[in-house]
Amino acid sequence: MERDEWPRPEWHAPWWNYKVIRSNLGRVTSIAFDPGNSWFCTGAADRTVKIWDVGTGRLKHKLTGGHTGQVRGLAVSKRHPYMYSAGDDKQVNWCFLFSSSSDCRHFVYSVCRVWDTRTDKQIHALSAHDDTVSSLLARSTHPQIITGSHDTTIKFWDLRKERWITGLLHNKKSIRALAINPTGPPAFVSAGEDDNIKKFILPTGPPAADDNIKKFILPRRYFPHFSHNMLSQQNEFVNLKP
């Protein structure tokens, strides 16, 4: 689509700061939202993942020990009770939610291998990138996640086989953000330090188009069925904006 064909943005009320949460010791680098709209999680440079209550902004749980470097990407599965995290330690961890309760108190981190003795299920850490894993997506229709890395590659992971199945090599520099199309045809986009936004057709198709961007932009997350958007910044705060 040419630039002159882009839809004009609709007017909305001026944005204003709804709440500022101050708890992290390092900058907040990633945010993901529970599909049930009851909690959200943040990853930070202090190597922690924190679970927050949406209504009150209160800290519900703090996950430590899963990463040896700062957390760069988070995603929450719509198919399974899993939360995924990725970071500077070049691997993807996933967290298993033992119960469906919204208080998010029943998480176990997988550093190498973690077993739930009640179900005899094993949880792995996924490792195949050669550099920081900066962003990740959880597909809602397949047991699959997609990761982007500073090693310039995008990888597709099969959670059933617990390994990566496809790699995309279309980027020339570090990948910093991934976003999936939530409503239309199955596709996702990547953005990075090569000043391009690339669109990929799922399941593993080639890039559909490139859009040049003039400067690097940190990822911003939008959540369906929720009236706020959350912006992760290069500081220690999380800003909620209606």
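Cβ coordinates come from backbone N, Cα and C, glycine included.
Annotated features, as they stand in TrEMBL:
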{"type": "REPEAT", "residues": "21-62", "note": "repeat 'WD'"}
{"type": "REPEAT", "residues": "126-167", "note": "repeat 'WD'"}
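In terms of DSSP secondary structure, the repeat 'WD' (126-167) contains 0 helix, 24 strand, 18 coil. With DSSP states grouped into helix (H, G, I), strand (E, B) and coil, the repeat 'WD' (21-62) comes out at 0 helix, 23 strand, 19 coil.
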